[in-house]
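Enquirer: Have a look at this one before I ask anything.
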Amino acid sequence: MNENLWKICFIVMFIIWVFVRKVYGTRAMKNKSKKKVRPNFEKSLVFLNFIGMVFLPLTAVFSSYLDSFNINLPDSIRLFALIVTFLNIGLFTKIHKDLGNNWSAILEIKDGHKLVKEGIYKNIRHPMYAHLWLWVITQGIILSNWVVLIFGIVAWAILYFIRVPKEEELLIEEFGDEYIEYMGKTGRLFPKVV
């Protein structure tokens, strides 16, 4: 398949992804914050992820600066990644729908915050993070570019491994034994195998 066609496919998926986040994110942002945990370095990590999930992929699409890092992956692998991305956007939409107004881009507890344990959250505590792992991997494969793939994965891994323990600590503080019990029944990124 023509390289420009892959770029168009990626842009279509990217626009849908941004649209879903905008629709649900705007609704969720209307809820006021009750408690925020914002370590100083987290802004830097979020910015690093912006570079990995937005800036570099769009640079790969709209310029030739990263062309020397192209991988030349077979179309079959890129097509598989595109299908996974399409399904992953469906997952992303479901995650946002299940979370409702409880979603936040930062670590915070909102007024009226509820512990969501229904829908996809019945079996997985952090499906949004599972989605983002898939996103950074598949965008690098679709665009067939080492920089997009590796930078996206590394930037996301750093944020993920620093943020998740702090997020779970915040949720234990807010929901106590209910969250601890929930942790025992669910997996972080995948359903728990008993």
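Cβ from N, Cα, C; glycine included.
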Enquirer: Does the record from Swiss-Prot show Lys30 and Ser104 on the same side of the membrane?
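Expert: Membrane side for Lys30 and Ser104, as annotated in Swiss-Prot: identical.
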Enquirer: Taking the Cβ of Glu167 (S-adenosyl-L-methionine binding site) as the centre, count every other Cβ atom within 10 Å, in any protein chain shown.
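Expert: Within a 10 Å radius of the Cβ of Glu167 (S-adenosyl-L-methionine binding site) lie 18 other Cβ atoms.
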Enquirer: What are the sequence-distant neighbours of Val116 (S-adenosyl-L-methionine binding site), meaning same chain, six or more residues apart, C-beta distance under 8 angstroms?
Expert: Asp98, Leu99, Gly100, Asn102
Enquirer: Taking DSSP as the reference, which of helix, strand or coil describes Glu108 (S-adenosyl-L-methionine binding site)?
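Expert: The residue in question, Glu108 (S-adenosyl-L-methionine binding site), is strand (DSSP, three-state).
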